[in-house]
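What follows is a short report on a single structure.
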Amino acid sequence: MASVSTSARLNKAVRQQFMSLPQGEKCQVTYIWVDGTGEGLRNKTRTLDAEPTSVEDIPEWNFDGSSTYQAEGSNSDMYLIPVCMFRDPFTLDPNKLVLCEVMKYNYLPAETNHRHSCNKVMEKVREHCLWFGMEQEYTLLGTDGHPFSWPPQGFPAPQGPYYCGVGAKNAYGRDIVECHYKACLYAGVKIYGTNAEVMPSQWEFQVGPCEGIEMGDHLWVARFLLHRVCEDFGVVATLDPKPIKGNWNGAGCHTNVSTKQMREDEGLQYIEKAIDKLAKKHKEHIMVYDPHGGKDNLRRLTGLHETATIDDFSAGVANRGASIRIPRQVGKDKRGYFEDRRPAANCDPYTVTMAIAQTCLIDLKEEEVEVIN
């Protein structure tokens, strides 16, 4: 059995005694941001005199960037700019969670603040009413890195009974999944659903549909809630795209895409046009579909385990072994959406959605459009 953290074994009844104390008119606000790895999340909390009614009521704050891989110690102050507010499912109303952009000392975006540039692109394509839905796969581990509920020595039975499975032999960690789902609903995250995945101890939740910049905001907060729930249970949720070597499925973040034209009658032609554009930019997209320029996806996109190979672009109806999948119902209705199956589980949703918007909806020959990097 994988080990759980010592703090998870603390007496929760004692904690609840203090959590139920009144707090007067004061409000706790937890600031959340992406750190210098482009994958990790950080947070800290402050007290406000009253409950904020919107994100505009929450003041800017700062933090030590030298401790988050974002600055040197000699000039370490970084600024937190609140951009999106949620209810706090851990300390409850009136307390809030607030997602922040990170700015450097000169108020330029930090290197891993991809929201800033993504928002500019989304403003340019606003007329297209661009919807996204992202399917976040993740794997539960013990604090020792061993998959949760896997045998201490060896492996569980081969893949087969686990996908959307039920029962103690097939579903590992459902308590965590259901608590995360409830936390997302309470917070106001646009969670769409959840299911057990193909590899045991691997799960998925979906966020969306979200329009434009909202997609990245809600997925990052959903990830924060996942890590926070797992902390209470004493286990770890990893977004590694290939956490277990061998004949086991990897973890992706399949991204569903739809414009207003795609959703209208005969919208399939616009889906096909978008796919043609994506085919021409395959390598550029692979570079931004994980935080390490494609190196993480190299372990996952092998042509096996429901993936296409990383070097080849392909598309097909109901084909989970293709780069782009057109759902069968979409092919039948001739309208709807397409699914980009290439993004890795640890991708930055801002860079993924920005790349898709640029490639599919903006003429990249225009001088004012930023090059994808």
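From the backbone N, Cα and C atoms, a Cβ is placed for every residue, glycine too.
Those TrEMBL annotations? Automatic predictions, nothing curated.
Features as listed in TrEMBL:
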type   : residues : note
DOMAIN : 27-107   : domain 'GS beta-grasp'
DOMAIN : 114-373  : domain 'GS catalytic'
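DSSP places the residues of the domain 'GS beta-grasp' (27-107) in helix, strand and coil in these numbers: 9 helix, 39 strand, 33 coil. Within the model, the domain 'GS beta-grasp' (27-107) shows a mean pLDDT value of 96, rounded to a whole number.
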